[in-house]
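Structure first, then comments.
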Amino acid sequence: MVQAWYMDDSAEDQRKPHRLQQDVPVSLEQLKALGVDSLSLDADRYESDPELAKIRKENNYTWMDIITIHKDTMPNYEEKLKIFYEEHLHLDDEIRYILEGSGYFDVRDQKDKWIRIFMQKGDMITLPAGIYHRFTLDENNYVKAMRLFVGDPVWTPFNRPADNCEAREKYVQFLAQTA
């Protein structure tokens, strides 16, 4: 199951946990209030997992691929890591399922504070359209993840500031309703 906590403001290596000196954990309920959903599946069975098939059908995730992020397998590795770690949003939900390895998604809370979400093998996360976020590997420097999409994939990031983007405006309205 994913773990989450408020981050420190250190400029130290982004792959470190960055917990506050006084650790402040974030519950799954707190993540849910931000529109972030997570669950755990059996990553060893992803190719034949009926639960994953059900999730894909119920959510109309018709397109998927697998991405491996490691210096030996990803072209332009360092450049890609910088792009993934740039704060941005998407027009559609971002769904990721960790098949191997681990990494961090960072999301902003209602007060614009960073929350770090640790994901490892078996964890699936859905980040809502319009949420500011970023991704980085952890100190293991490796992740293999399934990316799921409704329809054709769109990876266009809108770097912050993108507050006038319709997806962001809808997300801010969602936050106001859950406050």
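The count begins at 1 with the first shown residue.
Glycine is no exception: its Cβ is also placed from the backbone N, Cα and C atoms.
Quantities reported herein were computed from a predicted structural model and do not represent experimental measurements.
Annotated features in Swiss-Prot:
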- His88, His90, Glu94, His133: Fe(2+) binding site (BINDING)
- His88, His90, Glu94, His133: Ni(2+) binding site (BINDING)
Residues that sit under 8 angstroms from His88 (Fe(2+) binding site) by C-beta distance, when 6+ apart in the chain: Tyr132, His133, Arg134, Pro157, Phe158, Asn159, Arg160, Ala162
Listed in sequence order, residues with CB under 8 A of His90 (Fe(2+) binding site) and six or more positions away: Leu127, Ala129, Gly130, Val154, Trp155, Thr156, Pro157, Phe158, Ala167
Sorted by sequence, non-His88, His90, Glu94, His133 residues with Cβ within 8 Å of centre, Fe(2+): Leu89, Leu127, Ile131, Tyr132, Arg134, Pro157
Candidates Glu94, His133: member of the binding-site residues with the richest Cβ shell (10 Å): His133
Where His90 (Fe(2+) binding site) sits in the secondary structure, as DSSP reduces it to three classes: coil
Three-state secondary structure, which DSSP defines for His133 (Fe(2+) binding site): strand
